[in-house]
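Per Swiss-Prot, the features are as follows:
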DOMAIN    9-198  domain 'Glutamine amidotransferase type-1'
ACT_SITE  Cys86  active site, nucleophile
ACT_SITE  His172  active site
ACT_SITE  Glu174  active site
DOMAIN    199-388  domain 'GMPS ATP-PPase'
BINDING   Ser226, Gly227, Gly228, Val229, Asp230, Ser231, Ser232  ATP binding site
Amino acid sequence: MEMAKEQEMILVLDFGSQYNQLITRRIREMGVYSELHDHEISIEEIKKMNPKGIILSGGPNSVYEEGSYTIDPEIYNLGVPVLGICYGMQLTTKLLGGKVERANEREYGKAIIHAKADELFFGLPEEQTVWMSHSDKVIEIPEGFESIADSPSTPYAAIEDKERRIYGVQFHPEVRHTEYGNDILRNFVRRICDCTGEWTMENFIDLEIEKIREQVGDRKVLCAMSGGVDSSVVAVLLHKAIGDQLTCIFVDHGLLRKGEGDMVMEQFGEGFNMNIIRVNAKDRFMDKLKGVSDPEQKRKIIGNEFVYVFDDEASKLEGVDFLAQGTLYTDVIESGTKTAQTIKSHHNVGGLPEDMQFELIEPINTLFKDEVRALGIELGIPEHLVWRQPFPGPGLGIRVLGEITEEKLEIVRESDAILREVIREEGLEREIWQYFTVLPGMRSVGVMGDYRTYDYTIGIRAVTSIDGMTSDFARIDWEVLQKISSRIVNEVDHVNRVVYDVTSKPPSTIEWE
């Protein structure tokens, strides 16, 4: 995405580290815009972005492996400060004439370094705890570099070429385990790259409105409303930018939460005076999904059918050229890049037909979920709408595991409504980042009254997170869980067992499909 010249930016190049998105987050938390891009990005593209600094992420490979990831060495001649992290430091060393070799043993975990009073470590104590994760080590630094930190296992825990403003650290400052990691990154971003830290949601709105108006001109836009927070924020942002040129199409695919369809029409159609067309397409989606149990196939079908519905509706309108979606930055990252295996196809990223008749507008595809909520508040959307539970584009279609039926949808819909009601009553809405129920499709034996039952199991998923990239299961009080379980088995037909998901992300994803 080409950024406006007046916006300061730190470019992060991706070498496949599990932590690379954390680098981007940490920088944004400092009020400086940052984007993650593939390491193969061209010099010309980098110049267009006009970054204030470049960070080379870590990665799982060795710089000497065949086909290992690399960059155009011209990056070091752009006159822009560069910080290499772990693999990024080793690659910098190799490309600029130093030596890297395989370590006798992998260094993983906490380590103590001794740092010099340098720009990168400005204002920090000499002795610091850092997080190491590497199997190669630098044994000779390039000409013009000096060591600015060492540890018992390496004389080159951090290096710098002060004249060219090129830096490297053998540890991960972006993770919480590194004691002064945020301070080190802040020193690079604010002191070395001279960023002012003025990136705010207010500024984002101004820049995005300008870009939307420039892209759209006097043409018309369709906004895909799913009922979730993301598409709702996109709709309000677009309406602020282009007013009546926007038509929102709310596809009621029969995969929504209880009462959601009516809520969308009331809150956004009437509350924001937006032009919303509600399309009842339940039968159409259910026909396409009949007999389909593979989660990837379900996502693709739902994504395709969404666009086909828009095609049908657009044909009834005149001069519509654009389709707007609520794609998030996490969607883009998780759908895979050259250095990351696809975890799952996101509805707003994969599943779009090649012959789609619209040009896409994705105004929040550089934002994380918490940033989207902040954007929603800045746009004037009421807090109770902004803090609604995250809801995937495929809706309950991926919370019914396996083949979707009307009966299974109703079970998930009713159990989810009970869960949300109890969480709200207990005042836990802000403490738990996301919570929902799933229907695994398995049956088990139970006893209700004097009768043996053989009915479905409901799974409860509740997690704490900041941005959805990583998460932990929520420690909900047992009495609250018991209340939820009791209500579900007593009030929802065909359910005799409730289980609680206690896995983190990773290794699991938040959604079950």
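Keep in mind that glycine also has a Cβ here, set from the backbone N, Cα and C atoms.
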Least surrounded, by Cβ count within 10 Å, of the recorded positions Cys86, Val229 is Val229
Given the ATP site Ser226, Gly227, Gly228, Val229, Asp230, Ser231, Ser232, its other Cβ neighbours within 8 Å of the Cβ centroid, in chain order, are Met225, Val233, Val234, Gly326, Phe391
Expressed in Å to no decimal places, the gap between the Cα atoms of Glu174 (active site) and Cys86 (active site, nucleophile) is 11
Close in space but at least six residues away in sequence, with Cβ under 8 Å from that of Gly228 (ATP binding site), the same-chain residues are Gly326, Arg388, Pro390, Phe391, Pro392, Gly393
Listed in sequence order, the residues of the same chain lying six or more positions from Gly227 (ATP binding site) whose CB sits under 8 Å from its CB are Phe250, Leu256, Arg257, Glu260, Gly261, Met263, Val264, Phe391, Gly395
Smallest Cα-Cα separation from the residue listed as 'active site, nucleophile' among the binding-site residues Ser226, Val229, Asp230, Ser231 is shown by Asp230
In the domain 'Glutamine amidotransferase type-1' (9-198), averaged pLDDT is 91
Mapped onto three states, the DSSP assignment of Glu174 (active site) reads coil
Here the Cα-Cα span from Asp230 (ATP binding site) to His172 (active site), rounded to a whole number of angstrom, reaches 31
Residues near Ser231 (ATP binding site) by Cβ (under 8 Å) yet at least 6 apart in sequence within the same chain, in sequence order, are Cys223, Ala224, Met225, Gln325, Gly326
Among Ser226, Val229, Ser232, i.e. the binding-site residues, the one with its Cα nearest that of His172 (active site) is Val229
Counting every protein chain shown, other Cβ atoms within 10 Å of the Cβ of His172 (active site) number 24
Per DSSP (helix/strand/coil reduction), Ser226 (ATP binding site) sits in coil
Ser232 (ATP binding site), Cβ-centred 10 Å count of other Cβ atoms over all protein chains shown, is 26
